[in-house]
Amino acid sequence: MEHTMRNALGEAVRAAHTQIPADIRCAADYERHAIHHIEAQAWQHIQSGADQNLTLSHNRAALDALRLVPQPVADLRHAHTRIELLGQTLASPLLLAPVAYQRLVHPEGELATVRAAMALQTGMVVSTLSSFTLEEIAQAGQAAATEMGHSTPRWFQLYMQPAREHSLQLIRRAEAAGYTAIVWTVDASIKRSGFALPHGVEAANLRGMPSTQHTPPLLGPILFGTPLMQQIPTWDDLRWLRAQTQLPIIVKGILSPAQAQQAVDLGADALIVSNHGGRVLDGVVSPIEVLPAIAQAVQGQVPLLLDSGVRHGTDVVKALALGASAALIGRPQLYALATAGLVGVAHLLHLLRAELELTMAQLGCATVADITPAVLWQQR
Ligand code: FNR
């Protein structure tokens, strides 16, 4: 008897639509659809935060608590959303965060995502744990960008491997495949995860390399004194990384002003202020709350990016108002990919861009540089 895959509602998993569902009006609507298209355990894995989901829900609450002040009288005839970041031009200050194993939700996985991102001129960060190889993703992205007649940056997210030679191999492969920055993620080397990958989904980039262990065993030493401790990043790793590549290095997973400063001192070219979408440690502060303090600490020496909880164009504007140069979305790309594949991701990005432009227009911001703290209501 054929095994039917069930979604979290107990129904058979639905195949992705080939068209955009008619009732999707804003980017956040994709989540409601996605549950029907994703197998139950994968859904749980994607949705979950650490422990009690305190941080997961706080990420949204902290963004929701900020209020915008419209300035509807403005000259917007030359308005645009373009930004320059690390010497690269982006059509808008919104990027796709690295999200592992995208074949979990759609057979075309990262290949569909990158095609949609490149078609919509949206920067994409490809995970070390992608389910197609970084070369396959680069090729698909390049073909889409060429077809559209423009180029958009693709960055490679690095999880350091237990052996430096393997990390170095990944860096060299990323350079050779045309990725234009290395995003070094520091906040997820130790996390609890009981999720087992289903048959047919693998860390395609890591074939032939020993697997890293993230989850402590139930018996015996827990963390301290175990080899897991060797996976915790150190500043030496950043020094090492800086010496290996000419590409810009972006450190992802910074929430502390002191560590932000340290990373900059050691040569980081940008930081992503992130709590990994609330997935690693419950009870941690939300990026939007610490962003002003981090901006204060780094004094404009490097651009700051932000993710965790971004779901709407207004969230992007809130992040920029408090000191970010750009924002990234994580889970929403999976929601759109599961719901309608490439078309879904493209539509999601279009909606977010539309939301961003509408917000900027209402706030009287002709360019991203006009998004200052003045667009936020300050309780006095
Ligand atoms: C992630 N994230 C992540 N980050 C990273 O640096 N490398 C990775 O491989 C992954 N993989 C991954 C898988 C899944 C299923 C999720 C939900 C997240 C974290 C991601 O880049 C980003 O920081 C968060 O997803 C941002 O929060 P939101 O937008 O999901 O709320």
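In case you wondered, yes, glycine gets a Cβ from its N, Cα and C as well.
Any TrEMBL annotation is an automated prediction that lacks curation.
So that you can see what the record holds, here are the features copied from TrEMBL:
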- H276: active site, proton acceptor (ACT_SITE)
- 98-100, S127, Q157, T185, K252, S274, 307-311, 330-331: FMN binding site (BINDING)
- Y159, H276, R279: glyoxylate binding site (BINDING)
- 19-380: domain 'FMN hydroxy acid dehydrogenase' (DOMAIN)
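The structure, with features from TrEMBL marked on it.
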| residue | record | Cβ neighbours (10 Å) |
| --- | --- | --- |
| P98 | FMN binding site | 24 |
| A100 | FMN binding site | 19 |
| Q157 | FMN binding site | 26 |
| Y159 | glyoxylate binding site | 23 |
| K252 | FMN binding site | 25 |
| H276 | active site, proton acceptor | 25 |
| D307 | FMN binding site | 28 |
| G309 | FMN binding site | 27 |
| R311 | FMN binding site | 22 |
| R331 | FMN binding site | 20 |
Spatially closest candidate among Y159, H276, R279, the listed recorded positions, to D307 (FMN binding site) (Cα to Cα): H276
Cβ-Cβ neighbours of R279 (glyoxylate binding site) (radius 10 Å): 24
Max CA-CA distance, Å, over listed glyoxylate-binding residues Y159, H276, R279: 16
Mean per-residue pLDDT computed across the domain 'FMN hydroxy acid dehydrogenase' (19-380): 95
Cβ-centroid neighbourhood (8 Å) of the glyoxylate site, Y159, H276, R279 excluded: T185, D187, A188, K191, G253, G277, V280
In three-state DSSP terms, the structure that R311 (FMN binding site) belongs to: coil
